[in-house]
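Asker: Attaching a single structure in structure tokens format; questions to follow.
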Amino acid sequence: MGKKRTKGKTVPIDDSSETLEPVCRHIRKGLEQGNLKKALVNVEWNICQDCKTDNKVKDKAEEETEEKPSVWLCLKCGHQGCGRNSQEQHALKHYLTPRSEPHCLVLSLDNWSVWCYVCDNEVQYCSSNQLGQVVDYVRKQASITTPKPAEKDNGNIELENKKLEKESKNEQEREKKENMAKENPPMNSPCQITVKGLSNLGNTCFFNAVMQNLSQTPVLRELLKEVKMSGTIVKIEPPDLALTEPLEINLEPPGPLTLAMSQFLNEMQETKKGVVTPKELFSQVCKKAVRFKGYQQQDSQELLRYLLDGMRAEEHQRVSKGILKAFGNSTEKLDEELKNKVKDYEKKKSMPSFVDRIFGGELTSMIMCDQCRTVSLVHESFLDLSLPVLDDQSGKKSVNDKNLKKTVEDEDQDSEEEKDNDSYIKERSDIPSGTSKHLQKKAKKQAKKQAKNQRRQQKIQGKVLHLNDICTIDHPEDSEYEAEMSLQGEVNIKSNHISQEGVMHKEYCVNQKDLNGQAKMIESVTDNQKSTEEVDMKNINMDNDLEVLTSSPTRNLNGAYLTEGSNGEVDISNGFKNLNLNAALHPDEINIEILNDSHTPGTKVYEVVNEDPETAFCTLANREVFNTDECSIQHCLYQFTRNEKLRDANKLLCEVCTRRQCNGPKANIKGERKHVYTNAKKQMLISLAPPVLTLHLKRFQQAGFNLRKVNKHIKFPEILDLAPFCTLKCKNVAEENTRVLYSLYGVVEHSGTMRSGHYTAYAKARTANSHLSNLVLHGDIPQDFEMESKGQWFHISDTHVQAVPTTKVLNSQAYLLFYERIL
């Protein structure tokens, strides 16, 4: 009877709390306290029993480069096995062994978290219940029990001697650093610069590596202090010119993810703790993105994007709620007039979020018609740049895929350009670089057939074929739209107050619904094949940066979103007449904003300018120097911002040339005038240099049906000049300056393979850059350059922190690079 009574009880849940997890139903069957106490008598802690019997402990301990896997304790029988991040996965195999009763509950001996294999989720516990009492008992036994000297074998003695030698070396290095710090005290830092280790919560090395670099970003810590200030008042200029007084709004406290981030950065600056456990911050990230739950191997760049997007979304929500309170209406039901007013004020936000102020930059895509030489610009923001990494094998194959139908004169003129073009376009398209020639030819034929069908359909229905060549950017950075993709492939835009101004690269498009962890279907339109494919995000493992080739939805100029027909074409006939490459326009600049009152604001701004064609594609410095060295980060930036030719199926629909052919502008009646497609020139350059530049090297690629990692070493400098990749009118750059310098302060390195790898971080402990802080906080642009701040590099692998020379950092296999602006 007692069991029935306890079985029927339910745990009271507070609706206001977000931290409570669902109660595991397998605790009673997976927990055996009597067997556990017997098994923990005279046991060696934190050692996998199966690896020890296989004589693999000694071999793994001798390798300094390989990290020791986490050990999990079975709460049913006391078996100790290595976790999922190890090669053997003995703890998982122990659970999968058929038995009469399940051995599904395991306890991590590193961070004392409980995991249920049946639920495939973490089990929450407290000290009052049975599970919490068992965990407390195991922790006491682990702290009390110590191995006796007589029981130690020769192998363990050798291991302890090696550990003592390492500890003595570390102490000597620390003494040297302390002496150097005494001789050269920091000038601008009132507090001591510290680098601490981070506890691995279970395959969270991808998270720890990114957090180490963010903790060495002083500007982020300063802005978070400003955001946390209570009673912050923000003034927003009125959207209507008739209203002269700005709207004053009182901001609420920041969201839980932002508060957890601020708490984590403050904890990293404390000098008392040697190792920090970022459990609260990681749990908040998992609430924004459910894919990070489960302690699986994940991707660092994906984690960084979700983290920044989550904090930015919370900041936009603060502003939206403040605007509603300023109008005296905080209810969810609003009339249409008030809704429009709120959205107008949201668009007029004078101060961007702290994420955009630190990591935000701007890209400008320029397209020029070869006949009328009219220039059109597309501006969009970004948080990081995903750069292509070309493998030697893919580069050789792509060179052989040149079009053999070209004349000899064209080959002589464009041979070098076509080699780069083919290799780069192939890397961006959905045709894998490692596929056979037969599949590649078949894909090209299919693309040509679809292009012909689209041309025929366009003549019949008066549709336009290549708006994507004008209105979207073919590079791996695309504006992030808060879009909800339905299973039928239709694009439904959520009416939300959150302004998504970030950029997601085309291979991996994340929207706000991803942050809520809801699986969905995404319909993608690739650039080369113009075909549609549906990708089930729920069934795809995104570990280790497996990229999904998707593109963000495209809007036309009237605010209507472009939907796909049954034949895969894009219906953009309505509203295209508003976008014209009209060289006869008198104003120098016309902004064509793709905003609609009923939708969330986007970040792309289209404009047609009367700009000199000779200087439109010029950069602040010479860029041709970096076209030779293919193994450098400068060459990756060169490929990312390279000049492209829009020809053949990618021709530009030029309204100026169309009007000239029709002898002047006339009313566009269907079937009366013929559209003119011309060759065009296209290039993407940086038009706003971010204070903190984040570069992502796309090392993980798909070759046929297999996944591979490009282990090629990419050289990256300690001082990077971004001027060869910036426009002449680059913002945040003084008029006479021809250099845009950045200093390296953080690296995320991935070692291993696609299936089993490890992330580590290189971070530079240094003094804060005062000029950079003034730029971010106050917008001051100094005329002269500040010297690079000196500091000490550290290599951090979870809890292990070691000082390293600069040469070791520059020789690492970088996956993410963090640069700060030198001003």
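Here the Cβ of each residue, glycine as well, is placed from N, Cα and C on the backbone.
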Asker: According to Swiss-Prot, phosphothreonine sits on which of T6, T532, T554, T753?
Answerer: T554
Asker: Among S398, S415, find the residue to which Swiss-Prot assigns the annotation phosphoserine.
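Answerer: Record annotation (Swiss-Prot, phosphoserine): S415.
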Asker: Out of K140, K288, K506, K520, which one does Swiss-Prot list as SUMO2 cross-link?
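Answerer: According to Swiss-Prot, the SUMO2 cross-link annotation belongs to K140.
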Asker: Starting from the Cβ of H758 (active site, proton acceptor), draw a 10 Å sphere and report how many other Cβ atoms land inside it.
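Answerer: 19, counting other Cβ atoms within 10 Å of H758 (active site, proton acceptor).
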Asker: Reduced to three states, what secondary structure does DSSP give H758 (active site, proton acceptor)?
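Answerer: DSSP call for H758 (active site, proton acceptor): strand.
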Asker: Please work out the number of neighbouring Cβ atoms within 10 Å of the Cβ of C205 (active site, nucleophile), leaving out its own Cβ.
Answerer: 24
